[in-house]
Amino acid sequence: MTPVNGLAARTAAREMLRQRRLAAVRHVVVRVTVYAVAAVAALVCAAPFLWGLVTAFERGTPGARHRPTTEHVRALFHSTRFPTFVVNTLVVGGLVVVVTLALALPAAYALSRLHRSWGGRAGLAILLVYLVPPPLLFLSLSRVVATLGLADSIWSLVLVHPTVTVPVSVWLLAAFLRGVPVDIEEQAMVDGHSRFGAFVRVVAPQVLPGIAAVVVLTFTLAAGEFTYALTFIWSDASMPVSTGLPARLGGGDPMLWRSVQSGAVFVAVPLAIVCGLFLDRFVAVLAQGAHRD
């Protein structure tokens, strides 16, 4: 090797080493930036819950706020029918989940098997219904509720909540069902199953993650809905948590406000745990929908 070639080789090696170091530095900077942004976003999202948790257990006396207390929790159970509110929320949420799945699964299955151009437009039209604000619907729905004699009954919420939960559930499930090959369904039908039997035995097990995610989403939407519950329910015996706590503890007394935060913490913690358990499946459903649609 000539001196010129050796110098060129060493220069190239140093340049390659420099490029690798720059790439490593850029990689570290990108990772640190991503984690920093994620940490800030997580803190911003968790701040309301953390504030509610601190408020729920702090004392009302300014000089003793650093010492936690359970007096606001006791006031929550003594001053309101909080257990009744929780039971009503669970019953309404469970029934809304059943109704939503009964309506959304067949609709999503039909949309997923439509190969004509209007199939996609029909799915988009269903999703647009979800974007209609509830205040625009409750006036007409109130006439339906009054005609059926369901006013001040949890059944009124079971009737109206699916107007919110069914459209988004159809959209999510249809996107997930499109990922199931039609061949395995046809093979099951060749083996003697009906279309319904093929759906139950072959297709449904393939979309269980999507169904689980829809169950969590539906229950969360039903449990947190405020407008319909405020409009159609006014007695303690039928109120859910979303309106029961503000209605009975929403005065100007700061002590009552801390009891409201106690109730919010009691409701939010189980929901957060369940959502955390199904987070991966829910993200998979959203990713499937983004890829397919």
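We count from 1, first residue shown onward.
Any Cβ shown, glycine's included, is placed from N, Cα and C.
What TrEMBL annotates here:
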- 86-278: domain 'ABC transmembrane type-1' (DOMAIN)
- 28-51: transmembrane segment (TRANSMEM)
- 85-111: transmembrane segment (TRANSMEM)
- 123-142: transmembrane segment (TRANSMEM)
- 154-177: transmembrane segment (TRANSMEM)
- 198-222: transmembrane segment (TRANSMEM)
- 264-287: transmembrane segment (TRANSMEM)
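The transmembrane segment (154-177) is in contact with the transmembrane segment (85-111), judged by 3+ CB-CB distances under 8 Å for residue pairs 6 or more apart in sequence. Same-chain residues lying 6 or more positions outside the transmembrane segment (28-51) and placing a CB less than 8 Å from one of its CB atoms are 265, 268, 272.
Within the chain carrying the transmembrane segment (85-111), a Cβ under 8 angstroms from the stretch's Cβ atoms is held by residues 119, 122-123, 126, 154, 157-158, 161-162, 165-166, 169-174, 176-177, 199, 203, 211, 214-215, 218-219, 222-223, 236, 238-242, 244-245, 263, 266-267, all 6 or more beyond its ends.
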